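S.K.: Residues annotated as region 'Disordered' in TrEMBL: 298-321. What TrEMBL lists as transmembrane segment is 6-27, 39-58, 91-110, 131-157, 177-201, 213-231, 251-277.
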């Protein structure tokens, strides 16, 4: 079962999930240092991306890395098209499709949050806090009208001889599912693109300054959109352009190979982007997990701090935030 592809995904997914958990604890501890609504969105990402990640072991990771007679193959031979399963396999497959809707919508909300921060910098937090409970309900229920058919259908595993692995499938029409999913991807991706372009354009035209921390979080939403765009393009290409006649071509093989990695990108890249673009996040991360290696000292400016990392010599290397 431990294929090169499976080992590769574990090589980056396990550290990413550990980092995700560490940053989640960090933002809870230092919540006053960040935009409250952005952190609420970050926590929503954490919850739904954890669901996506662990659910993928049942629907994607383990079956697609199990050969016909591998150690774990008996699990999939129990649930074939001749002997389909209802609960809980149909629920896991339902989650598999539903999380695609959720992830794209959360990236859209993140971009919208940054856009409103630029347009209404003094009031946007209050407005977002008022509607946030509604947004949680909306995000949770949004996929159901498009994916409920999986819940009322039987689900099973099929063996793909050419790839020597198992894939999950359902008696629900796959074409029906993608007829909703692909247009949704396109609409949300285009809307997110427009919002991000408008945000960066407005930022370049502003006569007043927003805080560095707020600006850096805008770059996080922009980077998330790039990942969203790649995932959308790859999923659409796999669905519309690849068929039995061209599936052996180099471009088709590249697209199929990239599919699980683009999906992982949506799920796992958030904490890396958060730390990469936010100096305040890196500061808090160092303070929480490596306190023996940093020294906090006050500067002359009110309410500002900087870190000094302990070096091997008698002096210190200063890192300002």
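A Cβ is built for glycine as well, from the same backbone N, Cα and C atoms used for every other residue.
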S.K.: Between the transmembrane segment (91-110) and the transmembrane segment (6-27), are there three or more C-beta pairs closer than 8 Å, counting only pairs 6 or more apart along the chain?
M.R.: no
S.K.: If we call contact 3 or more Cβ pairs under 8 Å (sequence gap 6 or more), are the transmembrane segment (39-58) and the transmembrane segment (251-277) touching?
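M.R.: Output yes: the transmembrane segment (39-58) sits against the transmembrane segment (251-277).
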S.K.: Find the member of 6-27, 131-157, 177-201, 251-277 that has more C-beta pairs under 8 Å to the transmembrane segment (213-231) than any other listed stretch.
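M.R.: Result: 251-277.
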S.K.: Counting Cβ pairs closer than 8 Å, which of 6-27, 131-157, 251-277 has the most of them with the transmembrane segment (177-201)?
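M.R.: Top-ranked stretch among 6-27, 131-157, 251-277: 131-157.
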